[in-house]
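> Can you read through this structure? Questions will come right after.
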Amino acid sequence: MKMTVDFEECLKDSPRFRAALEEVEGDVAELELKLDKLVKLCIAMIDTGKAFCAANKQFMNGIRDLAQYSSNDAVVETSLTKFSDSLQEMINFHTILFDQTQRSIKAQLQNFVKEDLRKFKDAKKQFEKVSEEKENALVKNAQVQRNKQHEVEEAANILTATRKCFRHIALDYVLQINVLQSKRRSEILKSMLSFMYAHLAFFHQGYDLFSELGPYMKDLGAQLDRLVVDAAKEKREMEQKHSTIQQKDFSSDDSKLEYNVDAANGIVMEGYLFKRASNAFKTWNRRWFSIQNNQLVYQKKFKDSPTVVVEDLRLCTVKHCEDIERRFCFEVVSPTKSCMLQADSEKLRQAWIKAVQTSIATAYREKGDESEKLDKKSSPSTGSLDSGSESKEKLLKGESALQRVQCIPGNTSCCDCGLADPRWASINLGITLCIECSGIHRSLGVHFSKVRSLTLDTWEPELLKLMCELGNDVINRVYEAKLEKMGVKKPQPGQRQEKEAYIRAKYVERKFVDKYSTLLSPSEQEKRIISKSCEDQRLSHTRVSVHTPVKSNDSGIQQCSDDGRESLPSTVSANSLYEPEGERQESSVFLDSKHLNPGLQLYRASYEKNLPKMAEALAHGADVNWANSDENQATPLIQAVLGGSLVTCEFLLQNGANVNQRDVQGRGPLHHATVLGHTGQVCLFLKRGANQHATDEEGKDPLSIAVEAANADIVTLLRLARMNEEMRESEGLYGQPGDETYQDIFRDFSQMASNNPEKLNRFQQDSQKF
């Protein structure tokens, strides 16, 4: 070890020694400053490194999130995952490097400064103190006078002791200086060497890590080159396709008009339509509609679950809507609700209507057998009230309706194609149909044919009676009168196109109806009328039914002796309440109905309760709301009321009769039914939406007439209907369709009117007593 300060000079305490000490002390002070600065920089570097590792970890988490996002791309996901794992290892290596830096630089140099330099400073303080004491002893010894021997000896002893202490401390101080100068070299070099070895280990680990990752990176680079080439190729193809599409004419937007019944994904057609909401504001909202799985559904967003508009297309129909201000509208009607839709153009509207009709037909063909296995689901007839969960005693349903309707002659086979065991019916025509023909009937629209299922739908008693009054034989005698004469053959089962053409010609164009050769003018009709005053008989005597009832079954439907046709028991009229004496009109009995105007024929047949004649009149184009100017503008529906037939009224209503059309006296069907005390008809008209607030020329509404006549049953019905109407108005559009008590009472009256009408004849019987 090379001595920085000489021990001999220390003993001499020469100026050279003092100069050497001054130089060493200055050097040590500067060394302390440098080491303190280096330690602070090391601490800052370590803190910054830790922050770098923390930020790097967040960056790695971002890469992992991106890898999870790219889970559908195996190459990207695998690459990002592998790279993030490798970089995470590098973060771990950085953490180790910073830990080793803290131990090698910060800890070692701080220990050197705190331990060795502190000892040097302590030794320096002792040396400076003893040096000062030595100087004081020398000065005191020099100042002692000769004649003071005692003081001389004392000063000499102090000086000797002080010199001895000085030499001892000075030698220790010099030793500390020399040791410090030697140790600082080793400590600094040792720290830096440890720091460099830490870096060596860091880069060696990184090299090993990336050596393993190198082949994968090389393969990925090759894949990337191929991806770049493929991307350039796809870009050229897309640019070419883009250029081709730009050259097309999109003015008609024919691409949206396509529909495919046999689509692999089950979607027949899809696209945007406007849907009218059922809220109070009737707002229109644009939604994505699709026809799939025999259902019409829509959704606002793709992630939303589709909302089902029509659960079973077989139970609905579609028609144009021209009576609203918005263009291109059409309506999908099911037994329980309707949905108003709007397309963007006329072509799109036609395409959607055709798609719905085609889907309905396809559903009939493919699911004919399955439909019979479906759960019995209630779907009230057109115009009737929502009846909720009815008991079997109050509504006829399923096999019961099927058996009763098929008992009518001709109803055991399809009316149009002859297929056996038909399970569908057209309620306004009174015929039975196979499932395929019923689909074609639905496509005609409800103004031509209203289709119901004999096994799936719920049948109210008056509707079932109507079906039993007509039948396939009766209707075919009218609509196929000229079939053999024209040489036309009925289509066979399975020939759908032939069926569709035949059914349209039969019911829409009415090509096979035997038109009347000549129709007399009104003046000629008057000449051939045999008039007699029979109004008194009509208003004061009980009118007997056309058919004589001979048997009653469990449903309350009475069979007739002549042809098995069903009819209602007769009802009597209340002559005291109807018209003042002397104001009764003369009724007309005609010689031959074929010479009558179809409207007049319907008018006459409605009073006579002759449903076959009524069907014939409608087939010849009779207006169901025809008004007889010779009899106070009375309508066929009013005549049906006067005739006392509930089934006749039901038939006219099913064929579009206006329940609120009034005669010149201001009396509608509800007025006349109330005057005559026909409780069943009052119940029927109220269910069909008759206006009970309308007043006649005398200012009387049906309720005041019933109260005046003291007809408790009709008063009950009218007041209950009025109360229910007020409840619905107070609840607004979002209220329930009717109170359960109201529905139950009306069902009871409907059952009683159809099955036990004699129970409702109390008013007539009481009036006859007087």
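Residue numbering: from 1, along the chain as shown.
For all residues, glycine too, the Cβ spot is worked out from N, Cα and C.
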> May I ask you to name which of Ser379, Ser521 Swiss-Prot has annotated as phosphoserine?
Ser521
> Quick one: which of 150-173, 174-197, 414-437 does Swiss-Prot have down as zinc finger?
414-437
> Can you name the far-off residues of the same chain, 6+ from the ends of the zinc finger (414-437), with a Cβ under 8 Å from a Cβ of it?
314, 361, 364-365, 368, 371-372, 381-382, 402, 405-406, 449-455, 463, 466-467, 469-472, 474-476, 490-496, 499, 502-503, 506-507, 611, 615, 651, 654-655
> Using DSSP, tally how many residues of the zinc finger (414-437) sit in helix, strand and coil.
3 helix, 7 strand, 14 coil
> What is the number of residues in the repeat 'ANK 3' (698-727) that are helix, strand and coil, as DSSP sees it?
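Summed over the repeat 'ANK 3' (698-727), the classes give 24 helix, 0 strand, 6 coil.
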